[in-house]
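Below, the features straight out of Swiss-Prot:
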COMPBIAS  807-822  compositional bias 'Polar residues'
COMPBIAS  829-840  compositional bias 'Polar residues'
CARBOHYD  N134  N-linked glycosylation site
CARBOHYD  N247  N-linked glycosylation site
CARBOHYD  N359  N-linked glycosylation site
CARBOHYD  N457  N-linked glycosylation site
CARBOHYD  N462  N-linked glycosylation site
CARBOHYD  N488  N-linked glycosylation site
CARBOHYD  N555  N-linked glycosylation site
CARBOHYD  N632  N-linked glycosylation site
CARBOHYD  N678  N-linked glycosylation site
CARBOHYD  N733  N-linked glycosylation site
CARBOHYD  N817  N-linked glycosylation site
REGION    784-848  region 'Disordered'
MOTIF     845-848  motif 'Prevents secretion from ER'
SIGNAL    1-21  signal peptide
Amino acid sequence: MKRSVLTIILFFSCQFWHAFASSVLAIDYGTEWTKAALIKPGIPLEIVLTKDTRRKEQSAVAFKGNERIFGVDASNLATRFPAHSIRNVKELLDTAGLESVLVQKYQSSYPAIQLVENEETTSGISFVISDEENYSLEEIIAMTMEHYISLAEEMAHEKITDLVLTVPPHFNELQRSILLEAARILNKHVLALIDDNVAVAIEYSLSRSFSTDPTYNIIYDSGSGSTSATVISFDTVEGSSLGKKQNITRIRALASGFTLKLSGNEINRKLIGFMKNSFYQKHGIDLSHNHRALARLEKEALRVKHILSANSEAIASIEELADGIDFRLKITRSVLESLCKDMEDAAVEPINKALKKANLTFSEINSIILFGGASRIPFIQSTLADYVSSDKISKNVNADEASVKGAAFYGASLTKSFRVKPLIVQDIINYPYLLSLGTSEYIVALPDSTPYGMQHNVTIHNVSTIGKHPSFPLSNNGELIGEFTLSNITDVEKVCACSNKNIQISFSSDRTKGILVPLSAIMTCEHGELSSKHKLGDRVKSLFGSHDESGLRNNESYPIGFTYKKYGEMSDNALRLASAKLERRLQIDKSKAAHDNALNELETLLYRAQAMVDDDEFLEFANPEETKILKNDSVESYDWLIEYGSQSPTSEVTDRYKKLDDTLKSISFRFDQAKQFNTSLENFKNALERAESLLTNFDVPDYPLNVYDEKDVKRVNSLRGTSYKKLGNQYYNDTQWLKDNLDSHLSHTLSEDPLIKVEELEEKAKRLQELTYEYLRRSLQQPKLKAKKGASSSSTAESKVEDETFTNDIEPTTALNSTSTQETEKSRASVTQRPSSLQQEIDDSDEL
């Protein structure tokens, strides 16, 4: 098999690779918890945080009227509305309708949740939310994915289309297909389905180097839904990446084992049963059909389990569990371990299965790397330590995040968006695919532990007994997954004119998803002699083999047409309907969020308005109508908000907000203007006075032409005169503007909008200061000295001064302060009394 070099990021940040780079989102959809990791070009890998900044979210969706709730809040809602809190649905992925054993087990744990048949989906089941509303298993999973995608898009500031999904190693094709269809409902592209344990191995390898001799480790994943173990081989091989030869780390999954007997949920069920029996023994009340009480016991069992992972005892306490009776029970770690005594064998069962399939012994295993939330439970760790010795137990990966991080790195390697370090990753299928030839006869289409992408050939003998258009059912882990049909056998038989005919079919699996892929079907003819007409050139060309000139063909092969139909796959129409249903639900969520946001903003504004009503100084700037709105309408709107706000249209909420907000803004504008006006006016007058001082003392220096260059003297005087005129015109216009408007402004009432605004004063003062500074620069500029006869051209060039550029570090205030105190005092007389004489001087400056 030709191996492709897959690449994993080791850099502290991702490197931009091409112009159309896109983000990759890895989702670890777990039975109890979901995690997600985002890789975007230009930023390092990040765990996607929830709305509450948690690094993981419960895999739950709840419905409360038109409201859809996710995560911990959705799980907590089960104590009030147990029928509408959908959780732990990953346990149902291997179902084939309501008769499935898994469905029966699920409904015994969550009796309030109602399930119905759904023939349009792979899973075959839907959750009933109301008489008018139900959602398929695929749609429920898609909702959680969509929730995390929206969180990731907020982080990435862009749309996300590429996903990588983790799957337990024991997931068969049916379970994988359900996850893929959930992503298809969202119109997302799944780059890969990666084994949880292989993803952990990738994360484990990033900070380590390996020799050329294989090192064998076991990734042991004990989660909420199952416990699995995968034997992983780590070594270094020679290879090339980006055209360069280098040593490359290789990660190969060799074999896996699993059990459903040991999991976080199974331990929860033990605790729930123990607490339920304790309550019955003490009070004689059976809680088996009390849905709310069972949901509360479930929540408390989860809390107690977490406490006992770190402490020797915990107190289970639930107020008014049933019939007004409080429940309180002390549970020790030893009690929990006695409840789980029958799980000890299950703890090591996956390891034994994996080692047996890999043909390895414990002595060849370097370490057992623990992963998964349940791996923290002390009795699981102690059981493993007793079985394989404690020195081989390794806890050096993040038990919650290693899988999703490894999956994100793997996804980055499958795109062109990232510059990455090379790594060879080889995943395997964990159940054989069987091709049924009859009621009791079958052949292995793909053996167990076959690496992804590897081809496997099967041969069907006795061609004459299979018919003209034979169909062969295909199964994986006991579940029928599809039908393989040969189409043109009769035509091929005419070409293959020999007595010993066989049919060879080639199968493989998708290189990144582990899904079965039929490759080809051929008819072989061993030592057959062709009829004369097929010696001429019209014969069907063979795919393999060779021929000789005598007309005999050894191992001749002829292609056969085939079709492969997957069972239970959602039709395009069903996918469109599911996508439309989720889009409608998303729009309802957005409308609800917009409504809630409008209510919150109105409530905040009402509190502010009510505070302003008691501020007499603030109310001086309100006119009678505005005062009425503040005092009356704000109170009325508050009462309306409490009584009718949640049921009212969003438009009515925003209208009330706008009316009150506009009123407050108008009053606040006048209030702020009045507070800042005197300071701004004083600054403006000071700018006028400085300008007047410079303009009043304007003179034209006498530059002797026997000393200075005559042409440059004219240039300097012209620049100075132009600057003087610009400053003078600005001064004259601003002085006149202030004279025309100041009295009117000062006579307006506080409840009227000001005639002169603070922003105008500040802008005019700024412009005056800029022109004053420019004039000072021109005043300090000197003409060139007259060149001496015989002076070198280089000295003349060195003395050249740029026409429009004069570099001087003098600040405007420094230059202005250099004006004599006497001149400054003269200029402080009335600012509005001199413009006429100054204007005449400004006009005269044109003659300079």
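Every residue, even glycine, has its Cβ placed from backbone N, Cα and C.
Fair warning: this is a prediction, and the values are worked out from it, not measured in the lab.
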Around the Cβ of N488 (N-linked glycosylation site), how many other Cβ atoms lie within 10 Å? Please give the count over every shown protein chain.
16
For N488 (N-linked glycosylation site) and N733 (N-linked glycosylation site), what Cα-Cα distance in Å is obtained after rounding to a whole number?
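Here the two Cα atoms are 97 Å apart.
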Under DSSP, is N678 (N-linked glycosylation site) helix, strand or coil?
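The three-state answer is helix.
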Using only C-alpha positions, which one of N359, N632, N678 is spatially nearest N457 (N-linked glycosylation site)? These are the glycosylation sites in the record.
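Of all the candidates listed, N359 is nearest in space.
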Could you measure between N247 (N-linked glycosylation site) and N359 (N-linked glycosylation site) for me? Cα positions, answer in whole angstrom.
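N247 (N-linked glycosylation site) and N359 (N-linked glycosylation site) have their Cα atoms 27 Å apart.
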Could you tell me the mean pLDDT over the motif 'Prevents secretion from ER' (845-848), as a whole number?
46
Using C-alpha positions only, work out which of the glycosylation sites N134, N359, N678, N733 is nearest to N462 (N-linked glycosylation site).
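The smallest Cα gap between N462 (N-linked glycosylation site) and any of the glycosylation sites is with N359.
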Looking at the glycosylation sites listed here (N134, N359, N632, N733), whose Cα lies nearest to that of N678 (N-linked glycosylation site)?
N733
Within 10 Å of the Cβ of N134 (N-linked glycosylation site), how many other Cβ atoms can be counted across all chains shown?
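The answer is 17.
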How far is it from N733 (N-linked glycosylation site) to N134 (N-linked glycosylation site), counting Cα to Cα, in Å?
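Rounded to a whole number, the Cα-Cα distance is 75 Å.
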Between the Cα atoms of N359 (N-linked glycosylation site) and N134 (N-linked glycosylation site), what distance do you get, rounded to the nearest Å?
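Between the alpha carbons of N359 (N-linked glycosylation site) and N134 (N-linked glycosylation site) there are 48 Å.
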With DSSP assignments reduced to helix, strand and coil, which class does N359 (N-linked glycosylation site) get?
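Note: N359 (N-linked glycosylation site) is coil by DSSP, not helix or strand.
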Give me the CA-CA distance between N134 (N-linked glycosylation site) and N632 (N-linked glycosylation site), in Å, as a whole number.
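Approximately 47 Å lies between the Cα of N134 (N-linked glycosylation site) and that of N632 (N-linked glycosylation site).
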Among all protein chains shown, how many Cβ atoms are found within 10 Å of the Cβ of N462 (N-linked glycosylation site), not counting that one?
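I count 10 other Cβ atoms within 10 Å of it.
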